[in-house]
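**Student:** If you scroll down you'll find the structure; I have some questions about it.
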Amino acid sequence: MGNRAEEDYNFVFKVVLIGESGVGKTNLLSRFTRNEFSHDSRTTIGVEFSTRTVMLGTAAIKAQIWDTAGLERYRAITSAYYRGAVGALLVFDLTKHQTYAVVERWLKELYDHAEATIVVMLVGNKSDLSQSREVPTEEARMFAENNGLLFLETSALDSTNVELAFETVLKEIFAKVSKQRQNNARTNAVTLGSGPAGQELGPGEKRACCISL
């Protein structure tokens, strides 16, 4: 359990990490949620998630970050992993081109199981190993642009762009949710007493629903 401040939030956003084994998904998760990095390359089997609450304007957003934790090795990721996700970081290792070559397959699997409105960022991890780079920045950037994805290069080791990557995705999700709520208000779609999932909480309320975009 986090401290009281950690428990006070307006929205919960589920964000999934996907990509090949060994690209640094778990370290991106631990760097963002706990500011930790592990040099131990052993893979833990089983789905896990961590949370961190961030402020976007006056709204407290609880980011629930899910990690496949090795299941991708066995093609054992199920639809339950993607269910309810409103954001995804599709991670590849920019020092191993083979992890980038299968990005399109991961994107297809994501769209097969997740909502079409999910916010997706392509992440080239391990930017600290620039001398070993196998994937040009512009190649990955163009792929992202052509597929409507956000794009950043990160280093979980030295923290470069890790905060920015997660916060950019969360801001994009929040913008979509805010726009959806405005549209609902315009069309009188919100019924008193039975607001939609992910409804913003009033003063003093601390519980929240997961968002569906």
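Yeah, the Cβs are placed from backbone N, Cα and C, and that goes for glycine too.
Straight from Swiss-Prot, here's the annotation block:
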| type | residues | note |
| --- | --- | --- |
| BINDING | Ser21, 24-27, 38-39, 43-44, Gly70, 125-126, Asp128, 156-157 | GTP binding site |
| BINDING | Thr26, Thr44, Asp67 | Mg(2+) binding site |
| MOTIF | 35-49 | motif 'Switch 1' |
| MOTIF | 67-84 | motif 'Switch 2' |
| LIPID | Cys209 | S-geranylgeranyl cysteine |
| MOD_RES | Cys210 | cysteine methyl ester |
| LIPID | Cys210 | S-geranylgeranyl cysteine |
**Student:** Over all shown protein chains, what is the count of other CB atoms within 10 A of the CB belonging to Asn27 (GTP binding site)?
**Tutor:** 23
**Student:** Using the structure shown, find which entry in Lys25, His39 (the binding-site residues) has the sparsest Cβ neighbourhood within 10 Å.
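**Tutor:** Relative to the other binding-site residues in Lys25, His39, His39 has the fewest Cβ atoms within 10 Å.
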**Student:** How far is it from Ser21 (GTP binding site) to Asp67 (Mg(2+) binding site), counting Cα to Cα, in Å?
**Tutor:** 11
**Student:** In whole Å, note down how far the CA of Thr26 (Mg(2+) binding site) lies from the CA of Asp128 (GTP binding site).
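**Tutor:** If we compare the Cα positions of Asp128 (GTP binding site) and Thr26 (Mg(2+) binding site), the gap is 17 Å.
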**Student:** Compare the C-alpha of Asp67 (Mg(2+) binding site) with the C-alpha of each of the binding-site residues Lys25, Asn27, His39, Asn125, Leu157, and give the closest one.
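**Tutor:** Comparing Cα positions, the closest of these binding-site residues turns out to be Lys25.
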**Student:** Rank the binding-site residues Ser21, Thr26, Asn125 by how many other Cβ atoms lie within 10 Å of each Cβ and give me the one with the fewest.
**Tutor:** Ser21
**Student:** Give me the CA-CA distance between Asn125 (GTP binding site) and Thr26 (Mg(2+) binding site), in Å, as a whole number.
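**Tutor:** Per the Cα atoms, Asn125 (GTP binding site) and Thr26 (Mg(2+) binding site) stand 11 Å apart.
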